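As C-alpha coordinates, the structure follows; a few thoughts come after it.
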Amino acid sequence: MAYRHSGAPRSYLTSTMTDRFDCYYCRDNLHGKKYVKKDEKHVCTKCFDKLCANTCAECRRPIGADAKELHHKNRHWHEDCFRCAKCYKPLASEPFNARDDGKIMCGKCGSREDGNRCQACYKVVLPGSQNVEYKNKMWHEECFTCFECKKPIGTQSFLTKGDDIYCAPCHDKKFAKKCFHCKQPITSGGISYQEQPWHSECFVCHTCHKALAGARFTSHENNVYCVDCFKTDVAKKCHGCKNPITGFGHGTNVVNYEGLSWHEYCFNCKKCCLSLANKRFVITGDHIYCPDCAKKV
(Lines of atoms letter the chains of each structure in order from A and count residues from 1; the text may use other names and numbers.)
(Lines give C-alpha, C1' and ligand atoms only; values in the text may rest on other atoms or scores of the structure.)
Protein backbone atom coordinates (compact mmCIF):
# COMPACT_ATOMS: atom_id res chain seq x y z
CA MET A 1 0.00 0.00 0.00
CA ALA A 2 1.31 3.47 -0.81
CA TYR A 3 1.38 6.13 1.92
CA ARG A 4 2.00 9.86 1.77
CA HIS A 5 2.97 12.13 4.62
CA SER A 6 0.74 15.12 5.32
CA GLY A 7 2.53 18.35 6.21
CA ALA A 8 6.17 18.83 7.16
CA PRO A 9 8.25 16.38 9.21
CA ARG A 10 7.54 16.65 12.92
CA SER A 11 9.81 18.81 15.13
CA TYR A 12 9.57 19.03 18.89
CA LEU A 13 8.50 22.34 20.42
CA THR A 14 11.58 24.14 21.70
CA SER A 15 11.66 27.47 23.43
CA THR A 16 13.81 29.71 25.66
CA MET A 17 12.96 30.22 29.31
CA THR A 18 12.78 33.80 30.59
CA ASP A 19 11.88 32.88 34.16
CA ARG A 20 13.46 30.45 36.59
CA PHE A 21 12.64 26.86 35.50
CA ASP A 22 14.55 23.60 35.92
CA CYS A 23 15.04 20.58 33.62
CA TYR A 24 12.82 17.69 34.69
CA TYR A 25 15.80 15.27 34.68
CA CYS A 26 19.03 17.12 35.55
CA ARG A 27 17.44 20.05 37.39
CA ASP A 28 19.66 22.51 35.57
CA ASN A 29 18.22 26.00 35.41
CA LEU A 30 16.60 26.46 31.98
CA HIS A 31 16.55 30.26 32.25
CA GLY A 32 17.68 31.68 28.94
CA LYS A 33 18.28 28.18 27.48
CA LYS A 34 16.55 26.09 24.83
CA TYR A 35 14.40 23.29 26.10
CA VAL A 36 11.93 20.71 24.83
CA LYS A 37 8.44 20.13 26.17
CA LYS A 38 7.65 16.39 26.02
CA ASP A 39 4.73 14.72 27.78
CA GLU A 40 4.12 17.96 29.75
CA LYS A 41 7.69 17.83 31.01
CA HIS A 42 10.31 20.53 30.36
CA VAL A 43 13.61 18.92 29.35
CA CYS A 44 16.92 20.47 28.37
CA THR A 45 18.13 19.51 24.92
CA LYS A 46 21.01 17.48 26.36
CA CYS A 47 18.72 15.32 28.51
CA PHE A 48 16.23 15.05 25.67
CA ASP A 49 18.85 13.66 23.27
CA LYS A 50 20.11 11.28 25.93
CA LEU A 51 16.87 10.13 27.58
CA CYS A 52 13.84 10.97 25.45
CA ALA A 53 14.83 11.01 21.80
CA ASN A 54 13.41 8.30 19.48
CA THR A 55 15.85 5.99 17.74
CA CYS A 56 16.02 6.22 13.94
CA ALA A 57 14.85 2.96 12.35
CA GLU A 58 17.49 3.33 9.64
CA CYS A 59 20.73 4.57 11.24
CA ARG A 60 19.87 3.47 14.82
CA ARG A 61 20.98 6.84 16.24
CA PRO A 62 18.89 9.13 18.43
CA ILE A 63 16.77 11.72 16.65
CA GLY A 64 17.85 14.86 18.48
CA ALA A 65 15.72 17.83 19.47
CA ASP A 66 17.10 19.91 16.61
CA ALA A 67 16.54 17.21 13.95
CA LYS A 68 13.44 16.79 11.79
CA GLU A 69 11.69 13.51 12.45
CA LEU A 70 9.37 11.34 10.35
CA HIS A 71 7.26 8.53 11.78
CA HIS A 72 5.06 5.71 10.48
CA LYS A 73 3.36 2.99 12.53
CA ASN A 74 5.41 3.55 15.71
CA ARG A 75 8.70 3.75 13.82
CA HIS A 76 10.80 6.87 13.50
CA TRP A 77 13.43 8.21 11.08
CA HIS A 78 15.66 11.20 10.59
CA GLU A 79 14.34 13.13 7.61
CA ASP A 80 17.51 12.34 5.66
CA CYS A 81 17.31 8.65 6.62
CA PHE A 82 13.81 8.22 5.26
CA ARG A 83 14.84 6.84 1.85
CA CYS A 84 13.93 3.98 -0.48
CA ALA A 85 15.75 0.83 0.62
CA LYS A 86 16.36 -0.06 -3.02
CA CYS A 87 17.27 3.12 -4.95
CA TYR A 88 17.87 5.43 -1.92
CA LYS A 89 15.51 8.10 -3.22
CA PRO A 90 14.47 10.58 -0.44
CA LEU A 91 10.85 9.92 0.49
CA ALA A 92 10.09 12.67 3.03
CA SER A 93 7.67 14.33 0.60
CA GLU A 94 6.98 11.36 -1.70
CA PRO A 95 4.51 8.45 -1.62
CA PHE A 96 6.08 5.23 -0.34
CA ASN A 97 5.44 1.53 0.28
CA ALA A 98 5.92 0.04 3.75
CA ARG A 99 6.74 -3.67 3.39
CA ASP A 100 6.03 -6.34 5.98
CA ASP A 101 9.78 -6.84 6.47
CA GLY A 102 10.11 -3.21 7.62
CA LYS A 103 11.68 -1.83 4.46
CA ILE A 104 10.47 1.47 3.05
CA MET A 105 10.42 1.74 -0.75
CA CYS A 106 9.38 4.21 -3.39
CA GLY A 107 6.38 3.28 -5.55
CA LYS A 108 8.45 2.02 -8.48
CA CYS A 109 10.79 -0.18 -6.44
CA GLY A 110 7.93 -1.42 -4.27
CA SER A 111 6.02 -2.49 -7.35
CA ARG A 112 9.03 -4.43 -8.61
CA GLU A 113 9.75 -6.00 -5.26
CA ASP A 114 6.22 -6.86 -4.19
CA GLY A 115 4.64 -7.40 -7.60
CA ASN A 116 3.31 -10.75 -8.77
CA ARG A 117 6.04 -13.23 -9.56
CA CYS A 118 6.03 -15.50 -12.59
CA GLN A 119 5.19 -19.10 -11.68
CA ALA A 120 7.84 -20.34 -14.11
CA CYS A 121 10.92 -18.11 -13.71
CA TYR A 122 9.93 -16.52 -10.34
CA LYS A 123 10.89 -13.05 -11.57
CA VAL A 124 8.53 -10.14 -10.99
CA VAL A 125 5.84 -9.60 -13.61
CA LEU A 126 5.98 -5.84 -14.08
CA PRO A 127 2.68 -3.94 -14.39
CA GLY A 128 1.78 -3.37 -18.03
CA SER A 129 3.94 -6.20 -19.36
CA GLN A 130 2.55 -9.06 -21.46
CA ASN A 131 1.44 -11.77 -19.05
CA VAL A 132 -1.01 -14.60 -18.50
CA GLU A 133 -3.16 -14.86 -15.36
CA TYR A 134 -4.90 -18.12 -14.41
CA LYS A 135 -6.44 -19.06 -11.07
CA ASN A 136 -4.84 -16.10 -9.26
CA LYS A 137 -1.39 -17.03 -10.57
CA MET A 138 0.66 -15.14 -13.13
CA TRP A 139 3.23 -15.93 -15.82
CA HIS A 140 5.25 -13.92 -18.30
CA GLU A 141 3.67 -14.58 -21.67
CA GLU A 142 6.85 -16.29 -22.91
CA CYS A 143 7.00 -18.43 -19.73
CA PHE A 144 3.47 -19.79 -20.08
CA THR A 145 4.46 -22.96 -21.95
CA CYS A 146 3.17 -26.50 -22.43
CA PHE A 147 4.62 -28.94 -19.90
CA GLU A 148 5.11 -31.55 -22.63
CA CYS A 149 6.32 -29.76 -25.79
CA LYS A 150 7.65 -26.64 -23.99
CA LYS A 151 6.17 -24.32 -26.63
CA PRO A 152 4.48 -21.04 -25.56
CA ILE A 153 0.71 -21.52 -25.44
CA GLY A 154 -0.10 -17.90 -26.28
CA THR A 155 -3.77 -17.50 -27.20
CA GLN A 156 -4.35 -21.24 -27.79
CA SER A 157 -6.66 -23.26 -25.58
CA PHE A 158 -4.99 -25.30 -22.83
CA LEU A 159 -5.82 -27.94 -20.24
CA THR A 160 -4.36 -28.77 -16.85
CA LYS A 161 -3.35 -31.97 -15.10
CA GLY A 162 -2.52 -31.32 -11.47
CA ASP A 163 -0.24 -28.26 -11.47
CA ASP A 164 0.99 -28.88 -15.02
CA ILE A 165 -0.36 -27.04 -18.06
CA TYR A 166 -0.68 -28.63 -21.51
CA CYS A 167 -1.59 -27.37 -24.94
CA ALA A 168 -4.65 -29.20 -26.30
CA PRO A 169 -2.74 -31.49 -28.74
CA CYS A 170 -0.25 -32.63 -26.08
CA HIS A 171 -2.98 -33.18 -23.49
CA ASP A 172 -5.01 -35.28 -25.91
CA LYS A 173 -1.95 -37.29 -26.94
CA LYS A 174 -0.90 -37.98 -23.35
CA PHE A 175 -4.19 -38.36 -21.48
CA ALA A 176 -7.18 -38.78 -23.82
CA LYS A 177 -8.71 -42.23 -24.36
CA LYS A 178 -7.73 -43.91 -27.64
CA CYS A 179 -10.40 -45.12 -30.04
CA PHE A 180 -10.52 -48.92 -30.19
CA HIS A 181 -10.81 -48.76 -33.99
CA CYS A 182 -8.43 -46.01 -35.22
CA LYS A 183 -6.25 -45.75 -32.07
CA GLN A 184 -6.44 -41.93 -32.16
CA PRO A 185 -7.40 -39.80 -29.10
CA ILE A 186 -11.06 -39.17 -28.39
CA THR A 187 -11.20 -35.45 -27.61
CA SER A 188 -14.98 -35.10 -27.28
CA GLY A 189 -18.08 -37.26 -27.36
CA GLY A 190 -17.44 -40.86 -28.32
CA ILE A 191 -19.24 -44.05 -27.28
CA SER A 192 -18.37 -47.14 -25.30
CA TYR A 193 -18.97 -50.70 -26.47
CA GLN A 194 -17.80 -53.81 -24.62
CA GLU A 195 -15.83 -51.54 -22.26
CA GLN A 196 -13.87 -50.06 -25.17
CA PRO A 197 -14.01 -46.39 -26.29
CA TRP A 198 -14.83 -45.49 -29.88
CA HIS A 199 -15.18 -42.32 -31.91
CA SER A 200 -18.82 -42.03 -32.97
CA GLU A 201 -17.67 -41.79 -36.57
CA CYS A 202 -15.59 -44.97 -36.19
CA PHE A 203 -18.42 -47.05 -34.78
CA VAL A 204 -19.90 -48.10 -38.15
CA CYS A 205 -21.21 -51.23 -39.83
CA HIS A 206 -18.39 -53.46 -41.03
CA THR A 207 -20.12 -53.98 -44.39
CA CYS A 208 -21.98 -50.81 -45.39
CA HIS A 209 -20.18 -48.35 -43.05
CA LYS A 210 -23.43 -46.94 -41.75
CA ALA A 211 -23.05 -45.12 -38.41
CA LEU A 212 -24.33 -47.34 -35.60
CA ALA A 213 -24.43 -44.85 -32.71
CA GLY A 214 -28.01 -44.89 -31.45
CA ALA A 215 -29.02 -47.65 -33.91
CA ARG A 216 -29.64 -51.40 -33.49
CA PHE A 217 -26.59 -53.50 -34.27
CA THR A 218 -24.94 -56.81 -33.48
CA SER A 219 -21.40 -58.13 -33.52
CA HIS A 220 -19.74 -61.16 -35.08
CA GLU A 221 -16.08 -62.14 -34.83
CA ASN A 222 -15.06 -58.72 -33.40
CA ASN A 223 -16.89 -56.80 -36.12
CA VAL A 224 -20.13 -54.86 -35.73
CA TYR A 225 -22.96 -54.89 -38.24
CA CYS A 226 -26.22 -53.07 -38.78
CA VAL A 227 -29.29 -55.30 -38.69
CA ASP A 228 -29.72 -55.39 -42.46
CA CYS A 229 -26.11 -56.33 -43.24
CA PHE A 230 -26.04 -58.92 -40.49
CA LYS A 231 -29.15 -60.59 -41.89
CA THR A 232 -27.79 -60.56 -45.44
CA ASP A 233 -24.12 -61.34 -45.01
CA VAL A 234 -23.56 -63.01 -41.64
CA ALA A 235 -26.62 -64.58 -40.06
CA LYS A 236 -27.34 -68.28 -40.47
CA LYS A 237 -30.55 -69.20 -42.29
CA CYS A 238 -33.27 -71.07 -40.46
CA HIS A 239 -33.59 -74.60 -41.91
CA GLY A 240 -37.33 -74.30 -41.39
CA CYS A 241 -38.43 -70.88 -42.70
CA LYS A 242 -35.20 -70.08 -44.61
CA ASN A 243 -35.08 -66.60 -43.06
CA PRO A 244 -31.98 -65.22 -41.23
CA ILE A 245 -31.56 -66.05 -37.56
CA THR A 246 -30.62 -62.62 -36.22
CA GLY A 247 -31.35 -62.83 -32.53
CA PHE A 248 -33.56 -59.74 -32.79
CA GLY A 249 -37.22 -59.46 -31.91
CA HIS A 250 -39.53 -62.47 -31.49
CA GLY A 251 -37.92 -65.85 -31.07
CA THR A 252 -34.37 -65.07 -30.15
CA ASN A 253 -33.66 -68.67 -29.07
CA VAL A 254 -31.99 -70.98 -31.61
CA VAL A 255 -31.93 -74.74 -32.01
CA ASN A 256 -28.78 -76.22 -33.56
CA TYR A 257 -28.41 -79.81 -34.69
CA GLU A 258 -25.69 -81.39 -36.85
CA GLY A 259 -24.74 -78.12 -38.56
CA LEU A 260 -28.33 -77.01 -39.10
CA SER A 261 -30.11 -74.19 -37.26
CA TRP A 262 -33.71 -73.28 -36.61
CA HIS A 263 -35.58 -70.47 -34.92
CA GLU A 264 -37.01 -72.04 -31.80
CA TYR A 265 -40.50 -71.18 -33.01
CA CYS A 266 -39.74 -72.98 -36.33
CA PHE A 267 -38.54 -76.19 -34.68
CA ASN A 268 -41.92 -77.98 -34.89
CA CYS A 269 -43.18 -81.38 -36.01
CA LYS A 270 -43.87 -81.28 -39.74
CA LYS A 271 -47.10 -83.21 -39.31
CA CYS A 272 -48.73 -82.13 -36.01
CA CYS A 273 -46.89 -78.80 -35.57
CA LEU A 274 -45.95 -79.70 -31.98
CA SER A 275 -43.00 -77.64 -30.74
CA LEU A 276 -40.02 -79.95 -30.37
CA ALA A 277 -37.70 -77.57 -28.55
CA ASN A 278 -36.15 -79.46 -25.63
CA LYS A 279 -38.04 -82.62 -26.68
CA ARG A 280 -37.20 -85.81 -28.52
CA PHE A 281 -37.52 -85.58 -32.29
CA VAL A 282 -36.77 -87.50 -35.48
CA ILE A 283 -35.32 -86.02 -38.71
CA THR A 284 -36.44 -87.56 -41.98
CA GLY A 285 -35.01 -85.89 -45.04
CA ASP A 286 -35.39 -82.14 -44.58
CA HIS A 287 -38.22 -82.43 -42.07
CA ILE A 288 -38.47 -83.02 -38.34
CA TYR A 289 -41.18 -85.07 -36.62
CA CYS A 290 -42.21 -85.91 -33.14
CA PRO A 291 -41.67 -89.63 -32.33
CA ASP A 292 -45.39 -90.42 -32.73
CA CYS A 293 -45.73 -88.80 -36.14
CA ALA A 294 -42.40 -90.27 -37.29
CA LYS A 295 -43.91 -93.77 -36.84
CA LYS A 296 -46.77 -92.88 -39.16
CA VAL A 297 -44.60 -91.47 -41.95
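The backbone N, Cα and C atoms fix where each Cβ goes, glycine too.
The feature domain 'LIM zinc-binding' is assigned by TrEMBL to 54-115 (among others). Taking the domain 'LIM zinc-binding' (54-115) as a whole, pLDDT averages 84 in the prediction.
Taken from TrEMBL, the feature domain 'LIM zinc-binding' covers 116-177 (among others).
The domain 'LIM zinc-binding' annotation in TrEMBL covers 236-297 (among others).
Counting residue by residue with DSSP, the domain 'LIM zinc-binding' (116-177) contains 11 helix, 21 strand, 30 coil.
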